[in-house]
Amino acid sequence: MKEVLHLTQDTFQKEVKDFEGVALVDFWAPWCGPCQMLGPIIDDLVGEFDGVKICKVNVDEQGELAQEYEIMSIPCIHIFKNGEIVETLIGAQAKESYRAAIQKHI
């Protein structure tokens, strides 16, 4: 069964930037209410798309990544394609918004 990948500074390069394909990355924090509401939606997306990586970055634990990607508010979702950001969604949104964003880039 596919699972959400919990990324660190050490794994981000390999799993997202070097990945030839689409990756959704959820920048979040445990104290963030909207992030907690979004969690089950992100979990549900894992099995919906073959070849698409669904990832999370805890901004409290991975401050360097949050800085590098200029995360100013959370939840912040970046959709990457072939290692480049192709779309950004800020704030908790309906599952269909994330599904459509992924679909657009695969």
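Glycine is treated like the rest: Cβ placed from N, Cα and C.
Automatic, uncurated: that is what TrEMBL annotation is.
As recorded in TrEMBL, the features of this protein are as follows:
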- C32: active site, nucleophile (ACT_SITE)
- C35: active site, nucleophile (ACT_SITE)
- C32-C35: disulfide bond (DISULFID)
- 1-106: domain 'Thioredoxin' (DOMAIN)
- D26: site 'Deprotonates C-terminal active site Cys' (SITE)
- G33: site 'Contributes to redox potential value' (SITE)
- P34: site 'Contributes to redox potential value' (SITE)
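The CA atom of G33 (site 'Contributes to redox potential value') is located 14 Å away from the CA atom of D26 (site 'Deprotonates C-terminal active site Cys'). Checked against D26 (site 'Deprotonates C-terminal active site Cys'), the recorded positions C32, P34, C35 differ in C-alpha distance, with C35 being the nearest.
Mean model confidence of the domain 'Thioredoxin' (1-106) amounts to 95 (pLDDT, 0 to 100 scale). A sphere of 10 angstroms centred on the C-beta of P34 (site 'Contributes to redox potential value') encloses 14 other C-beta atoms.
The DSSP breakdown of the domain 'Thioredoxin' (1-106), given as helix, strand and coil counts, is 39 helix, 28 strand, 39 coil. In this structure, the recorded positions under consideration are G33, C35, and the one with the smallest number of other Cβ atoms within 10 Å of its Cβ is G33.
Shown are the recorded positions D26, C32; the one with the most C-beta atoms within 10 angstroms of its own C-beta is D26.
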